[in-house]
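As recorded in TrEMBL, the features of this protein are as follows:
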type	residues	note
DOMAIN	5-153	domain 'Phosphomannose isomerase type I catalytic'
BINDING	Gln109, His111, Glu136, His275	Zn(2+) binding site
DOMAIN	169-256	domain 'Phosphomannose isomerase type I helical insertion'
ACT_SITE	Arg294	active site
DOMAIN	336-376	domain 'Phosphomannose isomerase type I C-terminal'
Amino acid sequence: FSPVVFPLSCVVQNYSWGKVGLESEVAKLLTSGDPLVQIQPDRPYAELWMGAHPRGDAIIRDNRIPQKTLGQWIADNPACLGTKVKDTFQGCLPFLFKVLSVNTALSVQAHPNKELAAKLHAQFPEHYPDANHKPEMAIALTPFEGLCGFRPVEEIVSFLQNIPELRVLIGEVAAEQLERSGSDDPRGVSAALRVCFTRLMKSEKKFFVDQLNMLVKRISQEVEEGKDTSGSNGELLLRLHSQYPGDIGCFTIYFLNLVRLEPGEAMFLGANEPHAYLHGDCVECMACSDNTVRAGLTPKFIDVLTLCEMLNYTPAPSISKIFPAVQSQLDPSVYLYDPPVPDFAIMRIEIPASVKLYLVSAIDSASILLVIQGTAVGTSTAAASEMSLCRGSVLFISANESISLHLSSPDGMLLFRACCLL
């Protein structure tokens, strides 16, 4: 007998932008999931990777299973994916599930669509490691902030009129083109926005560093004098500048929406959507890819030309970036985040304290289950032995298998489940 539902030990990525030590949700989940894990108080714990990606393949925690990692096991047992998923995604798990703990900003970036990904990968494989697209969705675990998508034009114009240092970088011609573009001509607006943003991102290093230093100095003085700097987004500018001094990414806050998510709220990032996570903890799910085109707030390889060419220059208010969860008709504990891509969907499962026995239902897709809160004993005919679940536990569930949870915590449970709903 070989189990088809089993616990996983997941890979941590210690990127420099992560929260440090036990301030990190990733670190907290790790220690509660496995008390033997040693958390180093001065190390960043940025990402927990739950999946079968070659750079972070999860370890199987069941000694009855000969394969060591989830990727090896799926390769040997592709039927576990579910027929449709297996056929559509060539026998591979189509998503990567993560927890992120963000302390300092991630780079201003966008992910290519399939067509561009294939082209970039063929031309520059060292920077673009695969040929897949990478839509992604983030769901806040703690209050979460990110930049996402272009702001409404009137907001950008207002910054251009209030911030001379920004206007001089973009130049009078481009700024006036944006000011004159009317809402009745969306293509004209997008074209003007593209020119302004590209002018900013391609400005000469010495020139933009001087302007940025002038702006930072001016806003710092205004803050000291107790003035309101919200008209120039002062608080965020000073914060990003302290993290990445002299970085062009600091100016992108005048073009991109600042989106604030409360726990349980989500944002979906389709292909070519400019974004940068700024602070907070989230679960994230994405198509299985590593393709990222970067242009600021980063020491990594940046590709400004590609980024400016590929972006979606459609302005929209920040509220429109919050992606709604839909409560299930069949099970009121389940809230589904189902983005407009086939590769993945996420369920948030909130089991109330009054429920002592809960069925994690069978679906026609392999899925990965993460426990954020609560404790239970899980039983499944597919596991043949009891699994004790607590905060930080991660389970792989093969397609068409269910799990009964016998809850032992007084305050219910909070779970997230990543899957593929074709």
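Cβ coordinates come from backbone N, Cα and C, glycine included.
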- Query: Restricting the comparison to the binding-site residues Gln109, His111, Glu136, His275, which residue's C-alpha is spatially nearest the C-alpha of Arg294 (active site)?
  - Reply: Gln109
- Task: Sort out the sequence-distant neighbours of His275 (Zn(2+) binding site) for me: same chain, 6+ apart, CB within less than 8 Å of its CB, listed by position.
- Result: Val108, Gln109, Ala110, Gly146, Leu147, Cys148, Gly149, Leu256, Leu269
- Task: Inside 10 Å of the Cβ of the residue listed as 'active site', count up the other Cβ atoms and send me the figure.
- Result: 22
- Any same-chain residues 6+ apart from His111 (Zn(2+) binding site) with CB under 8 Å of its CB? Would you list them in sequence order, or say none? His133, Lys134, Pro135, Glu136, Leu269, Ala271, Asn272, Glu273, Ser289, Asn291, Thr292, Val293
- Message: Can you give me the residues near the recorded Zn(2+) site, meaning same chain, not Gln109, His111, Glu136, His275 themselves, Cβ no more than 8 Å from the center of the site's Cβ atoms?
- Response: Ala110, Lys134, Leu269, Glu273, Thr292
